[in-house]
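As written in TrEMBL, here are the features:
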type: DOMAIN; residues: A:24-472; note: domain 'Amidase'
type: ACT_SITE; residues: A:77; note: active site, charge relay system
type: ACT_SITE; residues: A:155; note: active site, charge relay system
type: ACT_SITE; residues: A:179; note: active site, acyl-ester intermediate
């Protein structure tokens, strides 16, 4: 086993015992990254920064001052602003952008001694389920069962692919409608989207501010607990950061879920669900039951409206957030013709800089917010959102501790599979994940097995607000019972 | 709700995205498809429901209205496509 294959927990213990140094682990990751260009997971490599940070981490470990993430090499989704290092949200409109500041999440990681290996590919502005809308080209899923290349999921596809292929020990990611959990499920990794407000959004390039939340993609549930604990903080720079202290999530991992009540939402058993997926779901419930949990049939009556509500609210917020890309302060500016004024500059810059899906979402958002349609679409969607959230509140008030559901309708799709799909067909990928973004709840995706094609499948646990510790403990039980230890066979 | 070519042109302009005349028909078709999908929301009885404004019931943080940051124009301008003499430069605006 080489050092880049370690989990965070294994590396932490090895570093503290002196069995390995951060420089050695970092060098192993850099070598793995350099041998994996075929995956296109990294859009920017920062080996010099990594080795410098690793040396500093080793000094800190020797001095006995070593937080859990100290010396751990990680990848960073391109959505996070990193000082002096290109941060483009995988968009041409931010071509060449090098922030003068550091996002709170990455600063928390560096303060804890973590090591930055580089920036990871994603869908442009986090809008997509495949990474195919990235200006750097698609990331390729390390899982390959025939001659076809598969998508790693999205939008955090680079993060998931890099973790799955051992090109880092873990990675930062973000989730607006499923962008942590879906790629984690597609790559056999663990991904947690925390409660809205748990992790600061400051310095994370905004897509839909009331839905965006950062979290880790990792190789194990324990690693997710460790890394989330470092990413999370109460931050005065994010007005929606909650004044709730960050607990020790790892300490919650007791493996004991006796007496917990796990809900199975009947509305998630959607029409056309494959027998295979239904069986993974049933088996997952049986595993939790065997561990002493009580399985309860529940109803979330408004769940079927989550997808249309999401595709009103997220584009509306995106159209507002992305108004800042105007060719004035940063990024791309179109070449102007003689006589072009400022409006032509805006229109040409945005037409050249934004890809087709981003353009569509900005325009849909503009439409639903425009005079005469605001009430019919946007306000109605926000009312439906309130009902979706109320469904969950009623279930939790009735004593349910967590909800078990599929993470994705299928295993990883081939790259290009959605080329001829309409936008709406593409959006159906998010059917199991968007609901909890609307409600602000935490959710974790755990790999539970391989499907008939030999590709990983994940299940999703949805928790009570601010109870990520409990949620991760349930995820740990599921992880242990499922015993998923598969890794993609190296072909790259 | 279906979007015609004129509406698509208007939305593109409101969004400040240049769309070529020959691409408007396809854009109108795609936007109409998305809006039709959204129309499922009309099935929901939202009578008496307040629109959701925040995920957690908390008041947005407030602070005194004072300057807390700044004093580094060169950093602010460092990524600008065109910056001159301490300012962002844009085409002439006459209104």
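We count from 1, first residue shown onward.
Using the three backbone atoms N, Cα and C, a Cβ is placed for every residue, glycine included.
TrEMBL entries are annotated by machine, without manual review.
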What same-chain residues, at least 6 away in sequence, bring their CB to under 8 Å of the CB of residue A:77 (active site, charge relay system)?
A:119, A:120, A:122, A:156, A:158, A:159, A:171, A:172, A:173, A:174
Taking only the Cα atoms, work out how far residue A:155 (active site, charge relay system) lies from the residue listed as 'active site, acyl-ester intermediate', in Å, as a whole number.
5
Other C-beta atoms that fall within 10 angstroms of the C-beta of the residue listed as 'active site, acyl-ester intermediate':
36
Overall pLDDT of the domain 'Amidase' (A:24-472), taken as the mean:
96
Does DSSP give residue A:77 (active site, charge relay system) helix, strand or coil?
strand
